[in-house]
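Contents: one structure, followed by commentary.
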Amino acid sequence: ITACRRLQSSLKPHPLCARSSSSPGATAGMSEQNTPSSDQALYQAPPSVRGMTVLDREAFTQTVTVPALLVPTGLVNRALKSLKKLTLQRPGVKRVVEEEGCGETHKLVLLDPRVSSLDAIAGTGLQDLGVASEIRHFALRLTYDNLRSEEVLRAVLPDGHDVTSGFSRVGHIAHMNLRDHQLPYRNLIGQVIMDKNPGVTCVVNKTNSIDSTYRHFSMELLAGEDNMVAKVRENGLLYEFDFSRVYWNPRLSTEHERIVSQLRREDVVVDVFAGVGPFAVPAARRGCAVFANDLNPESFRWLQHNSRINKVTDKVTAFNLDGRDFIRGPVRDLLPDLLRAKTSVHVVMNLPALAIDFLDSFRGLLAHEPGVGVACEGTLPRVHCYSFSKDDAPQRDVVRRAAASLGAELDGVCSVHMVRNVAPNKEMLCVSFTLPKEVVFRSLEEPSAKRQKLEEGTAS
């Protein structure tokens with residue numbers, strides 16, 4: 001504790017170290033860590049790089065002065081261990097360097113640039129060994145390779161602008177959502193992201209909103225190879241797909257696992273908007289029979305491919321239909337036998353922008369099978385329907401809208417899970433419920449005062 005207090009009082013910006021200002025509202029969307037506060041003052045980019053649109057790596061080179069300790073060569077490892085976070089932390093920079101005139105007897109240990117006196121190392125035990133008699137200064141040459149993404153981009157973009165809007169990693173692809181003021185620098189930004197993130201060989205930028213029909217983005221290549229076929233591991237399984245032509249969200253792995261963990265071997269899964277298989281494939285690996293559908297022909301193709309490479313083709317039956325046609329066709333044909341056998345059925349509807357609108361497909365789905373209603377008591381399918389909400393009370397909002405589309409009250413008989421915050425004031429949620437018997441077996445011609453009341457409530 002005493003050593004920490006001494007460190008707090010002795011750490012201050014070194015007068016010979018450059019100082020850089022942080023842009024207001026800067027966002028950290030890099031996969032690398034943010035710049036530690038300990039050496040933010042170490043590097044100040046040359047003014048000439050401001051406004052650069054074609055990356056010139058040499059232009060970022062400069063020499064800075066950092067504090068250092070002269071340490072006997074035999075004590076270097078102990079010094080590094082004792083100093084811990086007091087040493088210089090900088091990509092590609094060695095913390096131990098040669099000191100001119102000392103030969104092999106002594107080395108210089110480079111320190112945090114804010115260490116300005118020996119008080120900072122009090123309590124480390126090094127002074128007792130005669131290690132430190134003074135803080136020395138070392139001229140350190142920093143290059144582009146020693147800088148973090150955020151530092152480079154902060155130096156290039158106009159002062160006060162957001163550095164990045166973040167990116168998602170999908171295999172070898174970094175997927176960005178650049179803002180308008182960043183677009184003039186997009187190719188430079190793409191190159192920096194690729195340089196600073198090992199394994200990224202392609203950087204793309206989303207150019208419009210998600211396509212609601214096939215659920216994929218239009219995107220432009222910012223840097224690297226024009227190869228959009230990604231290989232991704234999620235929850236122990238391998239997926240391959242053309243990222244430019246299908247939908248994949250790396251932030252949903254926990255949600256995929258949450259739903260699959262509820263399944264038991266021999267359950268049946270009906271995946272209405274299956275994509276390339278992030279629900280279907282792990283469910284099949286769990287031992288479930290899966291009926292998976294997607295309207296996008298590319299998603300359908302990669303769904304079949306992912307079933308093959310994960311060795312679950314015997315468990316997955318794939319369809320390439322509109323969601324409503326899938327429910328009122330193959331699903332309607334399958335359900336009677338499944339319900340008579342009292343098989344547990346889970347219906348997954350992961351199309352948050354539209355899925356709730358498809359719930360009306362279950363109205364009267366088995367009205368032509370009145371005898372099944374008696375046999376299936378307690379075994380009707382469990383639905384997991386995803387939706388976005390911008391409402392101040394998002395849980396109440398999705399339940400109300402789901403009930404209106406379904407034509408049945410859901411208050412008290414459903415659960416709502418908050419999946420993730422998609423944007424300011426926009427949440428992604430999953431509402432789960434057992435299909436009401438009166439919805440599935442009621443004739444579409446039957447009047448329903450409750451259904452009319454729900455629909456009128458939604459319209460108002």
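Keep in mind that glycine also has a Cβ here, set from the backbone N, Cα and C atoms.
Annotation comment: TrEMBL describes His256, Asp294, Leu295, Asp322, Gly323, Asn350 as S-adenosyl-L-methionine binding site. Within 10 Å of the C-beta of Asn350 (S-adenosyl-L-methionine binding site) we count 25 further C-beta atoms, all protein chains included.
Per TrEMBL, compositional bias 'Polar residues' is recorded for 19-41.
Taken from TrEMBL, the feature domain 'SAM-dependent methyltransferase TRM5/TYW2-type' applies to 167-437.
Residues or ranges marked as region 'Disordered' by TrEMBL: 14-43.
Over all protein chains present, the Cβ of Asp294 (S-adenosyl-L-methionine binding site) has 31 other Cβ atoms lying within 10 Å. Averaged over the domain 'SAM-dependent methyltransferase TRM5/TYW2-type' (167-437), the predicted model reaches a pLDDT of 93.
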